[in-house]
Amino acid sequence: MESTKWSFSSFRSSTAFIAFTVTFAVFTDQFLFAAILPIGPFTLHERLHIPEDKVQFWIAILLAVFGIGCFVTAGPWGWYTDRSTSRRTPFLIGLSILLGATLVLWFSQHIALQILGRALQGFSSLVVWATGLAVLVDTVGCKHIGEYMGYIGIALNMGSLIAPMVGGVVFAQAGYNAVFGVITAVVGLDILFRLIMKEKTPFETTSVAPLQDDLESGSPDTKEKEKIVVTIETISQSSSPSTLDLTNITPSRRHLPSVIRLLNSLRFCVAIWGVFVISCVFSAFQAVLPMAVKTVFGWNSTGSGLIFLPLSLPALLGPIVGRMTDRYGGRWFATAGFVLLGIAVTMLRAVEYNSRSQQVLLCVLLFLCGCCMTLVLMPLAAEVTHGAARLDAKDKEKGIESAGSYGQSYALFNMAWAAGNSVGPVWGGMLLDAAGWNAMALSLGLLGFLSAVPVALCLDGWMFEKKF
């Protein structure tokens, strides 16, 4: 009996189960978000009585509200996550918010309540990303975070892939309530897994290794890191910790919030910018594709859901890209991804009329866009993690007491993603209405091309910094 209890307890706190729980939480978050997308053009008009010529406008607004809900709450929640005695507690708090958002979106028949539901959904999404990813890095450590972020990428894209298909097919066959019945079942599984999960003692990630790797690869902060290495050598020669002289640590530096210090790093800011761009392009597609295929190809809600399939399938390559990022660095993966993304999105301008060849062309280009997003997102997520690890290592070696930076680092990641979720639908939807499909595709393509430049220069450290 004791052996059985021990085995179950070990399972609850195992790396595999914790990683699965966090991954499923990301899947649930995206499933709730994306299952409603293909039915939006139909339910807004038929259920909420929105005029048909205003439907695209309100789709963009509702998606933007989701991003605003994430963005506004990201900073305070990241701070709370780092200072909470348990990662599990804030992770579970997100469940009540997620459930509340689901119920509001299900039963509301007024646009104001739909806006409230999307805002609550944005907050619950923040909890998953800021707290869930902090749990993950506590469990697996920095050295393997790229590979595990590949699994997160699969969950994110599988939610984007499966949810629109399920939402569209179920809506066509069984109606509105059946869609939310499926969503509630997925949320129920998420609740069960989060209640079973037992977090580990935080993984010791604030080691000198990440700093030494950066010294070898070169970065704008090389001189500062050399000072830290000298400090470590001095500590090893000290007779006791009490002999350390910490008088040179100024109060302003000691108490400066981690979120401000993270934003002081150019390479961290470039990673955050890249996250914003990917989110912006991805959410723009989510806003315009259902309406575009309905208008151009005459597809119903099932087709509106299936069109996300080629965009999401490349996420299956995420763990492979993540593992290669952990081994070789992410600079050139992300740079190539942004350049190819610019090409693929710009070429969407060739999709203009209803024919089999045009439908195939759209699917091929969306598949290429999905490949580019996978190439880009894994290196960016790894850089965000390593930024927090470097900061925590500096604090530890300087004798500065810190609650850690992972929660705030992932909160900034989520703020960037949320900002993209706010800007993308408005950018894509309103530009589509005002200037047409070609102008929208060209503008998003240029954004990809321009983003390749700072990523090539700064990701993994300053490109031209050399050690001799």
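A Cβ is built for glycine as well, from the same backbone N, Cα and C atoms used for every other residue.
What TrEMBL lists as domain 'Major facilitator superfamily (MFS) profile' is 18-468. In the predicted model, residues of the domain 'Major facilitator superfamily (MFS) profile' (18-468) average a pLDDT of 79.
Residues of the same chain lying 6 or more positions beyond the ends of the transmembrane segment (58-79) and with a Cβ under 8 Å from any Cβ of it are 33, 40-41, 44, 50, 90, 111, 114-115, 118-123, 125-127, 130-131, 257, 259, 283, 286-287, 290-291, 407-412, 414-415, 417-426, 428-430. Annotation comment: TrEMBL describes 58-79 (among others) as transmembrane segment.
Residues or ranges marked as transmembrane segment by TrEMBL: 91-109 (among others).
Annotation comment: TrEMBL describes 115-136 (among others) as transmembrane segment.
The transmembrane segment feature in TrEMBL is assigned to 148-172 (among others). Within the same chain, residues 19, 22-24, 26-39, 42, 133, 136, 140, 178-179, 182, 282, 286, 290, 300-309, 311-323, 370, 374, 377-378, 381-382, 385 sit at least 6 positions outside the transmembrane segment (148-172) and bring their C-beta atoms closer than 8 Å to a C-beta of that stretch.
Long-range neighbours of the transmembrane segment (178-197) within the same chain, counting only residues 6 or more positions beyond its ends whose Cβ lies under 8 Å from a Cβ of the stretch, are 12-13, 17-18, 20-21, 24-25, 27-28, 31-32, 35-36, 39, 88, 91-92, 95, 98-99, 102, 105-106, 166-167, 170-171. Summarising the annotation, TrEMBL assigns transmembrane segment to 178-197 (among others).
The annotation transmembrane segment is assigned in TrEMBL to 262-285 (among others).
Annotated transmembrane segment per TrEMBL: 297-320 (among others), in sequence order.
Taken from TrEMBL, the feature transmembrane segment covers 332-351 (among others). Outside the transmembrane segment (332-351), and at least 6 residues removed from its termini, the chain residues within Cβ reach (under 8 Å) are 274, 277, 281, 296, 321, 324-325, 358, 361-362, 365, 368-369, 371-376, 378-380, 437-438, 441-442, 444-449, 451-452, 455-456, 459.
Annotated transmembrane segment per TrEMBL: 357-382 (among others), in sequence order.
Marked as transmembrane segment by TrEMBL: 440-459 (among others). Beyond the ends of the transmembrane segment (440-459), by six or more residues, the same chain brings 220, 266-267, 270-271, 273-274, 277, 280-281, 284, 288, 330-332, 334-335, 338-339, 341-349, 372, 376, 379-380, 383, 427-428, 431-432 to within a C-beta distance below 8 angstroms of the stretch.
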